[in-house]
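J.: For reference, the structure I am asking about is given below.
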Amino acid sequence: MSSGSVGLSIIVWILSGTLSMIGALCYAELGTMIPKSGGDYAYIHEALGALPAFLYMWVALFILVPTGNAITAITLAQYIFQPFWGTCEAPFLAVRLFAAATTCLLTVINCYDVKLVTRIQEVFTCTKIFALSIIVGTGLYYLFSGHTEHFETPMEGSDWEPGHIALAFYSGLFSYSGWNYLNYVTEELKDPYRNLPRAIMISMPVVTTIYVVTNIAYFVVLSKEEILSSEAVAVTFGDKMLGIFSFSVPIFVAISTFGSLNGAIFASSRLFFVGARNGHLPKAISLINVKRLTPIPSLVFMCIITLVLITIPDVYVLIDFVSFVEALFITLSIVGLLYMRYTKPELKRPIKVSLFLPCLFFIICLFLVTLPCYVKPLVVGIACGFILCGIPVYKVTIAWKGQPDWLKRSFKIFNDTCAKLFICVPEEEYKDQ
């Protein structure tokens, strides 16, 4: 809790949701102006060129997407095991193995059938809302029963140091991450000009409201110390409030987390698929299975990297790293939006937000990118170093026209092997059949 107090924490949750809403509206303009899958990658590529787009793909491939998936899978496993270990920490190996098995299972499902993926998503989203409704209802009942002791001095202990506030926003925004996932699959949406902005306008206010009232429920029942010391806050909440029914909370949370991981795998695999289609990743990752019409190589490759990150003892230390990098490239996307307002005014814009919104969003993102440099310079330095490492990779594997024959043969062998192994062909070849 970088905010330091209950009151400031709730304010951060509200502002994080509002910021995500503003960002989603800006992305609605980008998504309808550039109706391509790939999200930030597609927008940065269109506005700023190939190298910045590749650097985003480079970081997303090895850090952004697999780290988010690894954290979600580990959270799922912790909620599954926590009831059996009570106040003790669940065994590291058991949690990691279960997280890995879940990641593999969902990867197989995503490889098998897109319709099955969407049906699973619908069911688990409803379960998530039901679970949060139980927490909110219980918390409000406890509040109206006169238990207001945790809100008597809500701002006590607040940390107003700008760098720490930025880190608090990182944690809040990480929880809202996914607001731009629809932009990853724009090409697969029916009538994206109509449905993309509608989905954003409905979902973001609902999600923000649910998250804020859920956290209020937590703060009503649990003290700041209990929240900070808990391995699984919802389990601690259930143990304190639901008695013999406390077992239901971790089950519902695990189910909802399962759905979140499923959606993340589905959306992010399309990002790498588009990157490979544009020549910024090995061609094999742009292949689709001839029977299932799913990007199996992309899904499998992402699964492998996620499994590697799951083995890290404390993967949560990567949250600040991931949040900084994500904020940096979201800022670049907004720069691209503003840049194209003046350089490409002829582009069709079915959704055109007020110029005030992207300008405001840009200023806030700039704040989130620069202030952590003073609080966690090592994290920021490593992140920038990793991004810069992508430049020589781009120069050698993509920009270099005089590649030696052995390097070209290596790429061809890899692509041909993947095509045969996963029974895949390039998308354009399938369409020609």
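Using the three backbone atoms N, Cα and C, a Cβ is placed for every residue, glycine included.
Values in this document were obtained by computation on a predicted structure and should not be read as measured data.
What TrEMBL shows for this protein is this:
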{"type": "TRANSMEM", "residues": "6-27", "note": "transmembrane segment"}
{"type": "TRANSMEM", "residues": "48-81", "note": "transmembrane segment"}
{"type": "TRANSMEM", "residues": "93-112", "note": "transmembrane segment"}
{"type": "TRANSMEM", "residues": "124-144", "note": "transmembrane segment"}
{"type": "TRANSMEM", "residues": "164-182", "note": "transmembrane segment"}
{"type": "TRANSMEM", "residues": "202-221", "note": "transmembrane segment"}
{"type": "TRANSMEM", "residues": "241-273", "note": "transmembrane segment"}
{"type": "TRANSMEM", "residues": "293-312", "note": "transmembrane segment"}
{"type": "TRANSMEM", "residues": "318-339", "note": "transmembrane segment"}
{"type": "TRANSMEM", "residues": "351-372", "note": "transmembrane segment"}
{"type": "TRANSMEM", "residues": "378-400", "note": "transmembrane segment"}
J.: With Cβ-Cβ distances below 8 Å as the criterion, list the same-chain residues six or more beyond the ends of the transmembrane segment (93-112) that contact it, or say none.
T.: 69-70, 73-74, 76-78, 80-81, 120, 258, 261-262, 265-266, 269, 289, 292, 294, 296, 299-300, 302-303, 306-307, 310-311
J.: Thinking of Cβ pairs under 8 Å, which stretch from 48-81, 164-182, 202-221, 318-339, 351-372 has the most of them with the transmembrane segment (293-312)?
T.: 48-81
J.: Taking pairs 6 or more apart in sequence, does the count of Cβ pairs under 8 Å between the transmembrane segment (351-372) and the transmembrane segment (6-27) hit 3 or more?
T.: yes
J.: Which residues of the chain, 6 or more past the ends of the transmembrane segment (6-27), have a CB below 8 A from one of its CBs?
T.: 39, 150-151, 154-155, 158-159, 165, 168-169, 171-173, 175-176, 179-180, 183, 197, 200, 204-205, 207-209, 211-212, 215-216, 219, 224, 330, 333-334, 337, 353, 357-358, 360-361, 364
J.: Cβ pairs under 8 Å only, please: of the recorded stretches 48-81, 124-144, 164-182, 241-273, 318-339, which one is richest in them relative to the transmembrane segment (202-221)?
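T.: So the stretch in question is 124-144.
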